[in-house]
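K.L.:
After the structure tokens below, expect a handful of questions from me.
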């Protein structure tokens, strides 16, 4: 089935008149510099076109932007050989100077910050402060654009305010600046958004096609980032998410398919199977968390499988009774072919700390880019050098 699927994609590609250029985007979480010891210089930037810096926060009292961690953002000495550089943003700026196609986008908000956006859009003064400080941040700290990560507007009034927010940013920001959103995959959240109105002001959409299922809210084991079909717990899949946005008027080239560089763990699972109940019991030797980076799975799992129909992978540890679902290299390659066949804009990952080295055969971004046709088919428009 996997080979048939790949052949189908390739047949559709054969009829395209020109080779499109693709975006490869990845979120960099600023807290990764601590426990994970993951720094900007560790990102294989030859495989990425856009880096999304997560997260910039909003001051609830004023509506102005603020750093979530000023120490690591601006002051923390970088590792060798870049000890003379202080702060992640300065390091990224130096990387941009040497790699003029690399773009850095500030991602504002993130999970658990919806109340901050609600506070901003409900007060005219805060709204003005937000827009003006966003422009100041972009110009001062060397960003190429703004990513709004409002998870999520709760009703049509807030959805209209999000449109207004995007419109005001687009009006004030120089046209060279990129504006994006982290867009939901769940149908309830999608239906609230005013997609066509938002699309007028957006450069592209980052579709969060992951976390379709998880131990904290699912009743059965499931793939959490499957491309097709029922994932085991519900009917969510990435292909349907993409089609929903297309049906609502977004051009495919503006859609960026989001993928995980982490797995979701289900504890208390009797056997390596999707769609079965689990107890959440954490046995000795298990991974305590319900999320783990792709590069931290370890070698305790004694069973691995890949579903070519749904495009999802799993590992299972029969001793600790834990099952993990994730994207493996086959998923990365099939999703790359899917993006080509559907003429989408590219791929996105959360987050950069999760992948294995590009020297490892299982490197997700390298497999993805190689399947697209190599780094030669990646977008190469120039970045902005200002600030910092």
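Here the Cβ of each residue, glycine as well, is placed from N, Cα and C on the backbone.
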K.L.:
So Swiss-Prot lists 82, 83, 109, 110, 111, 112, 208, 209, 210, 211, 350 for chitin; which of 34, 152, 303 goes with them?
P.N.:
152
K.L.:
So among 30, 151, 237, all listed as recorded positions, which is physically nearest to residue 82 (chitin binding site)? Use the C-alpha atoms.
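P.N.:
For residue 82 (chitin binding site), the spatially nearest of the recorded positions is 30.
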K.L.:
Got a sec? Which of these recorded positions, 30, 82, 132, 155, has the most Cβ atoms within 10 Å?
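P.N.:
Counting Cβ neighbours within 10 Å, the top one is 30.
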K.L.:
Which one is it: of the recorded positions 109, 111, 123, 132, 211, whose Cα lies the shortest distance from the Cα of residue 151 (active site, proton donor)?
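P.N.:
If we rank 109, 111, 123, 132, 211 by Cα distance to residue 151 (active site, proton donor), first place goes to 111.
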K.L.:
Going by C-alpha distance, which of the binding-site residues 109, 111, 152, 209, 211 is nearest to residue 132 (N-linked glycosylation site)?
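P.N.:
Closest by Cα: 109.
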K.L.:
So, three-state DSSP: helix, strand or coil for residue 109 (chitin binding site)?
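P.N.:
In the DSSP reduction, residue 109 (chitin binding site) maps to strand.
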K.L.:
So how many other Cβ atoms are close to residue 151 (active site, proton donor), meaning within 10 Å of its Cβ?
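P.N.:
Taking all protein chains shown, residue 151 (active site, proton donor) has 16 Cβ neighbours within 10 Å.
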K.L.:
Could you tell me the C-alpha distance between residue 30 (N-linked glycosylation site) and residue 211 (chitin binding site) in angstrom, no decimals?
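P.N.:
With the alpha carbons as reference points, the distance is 21 Å.
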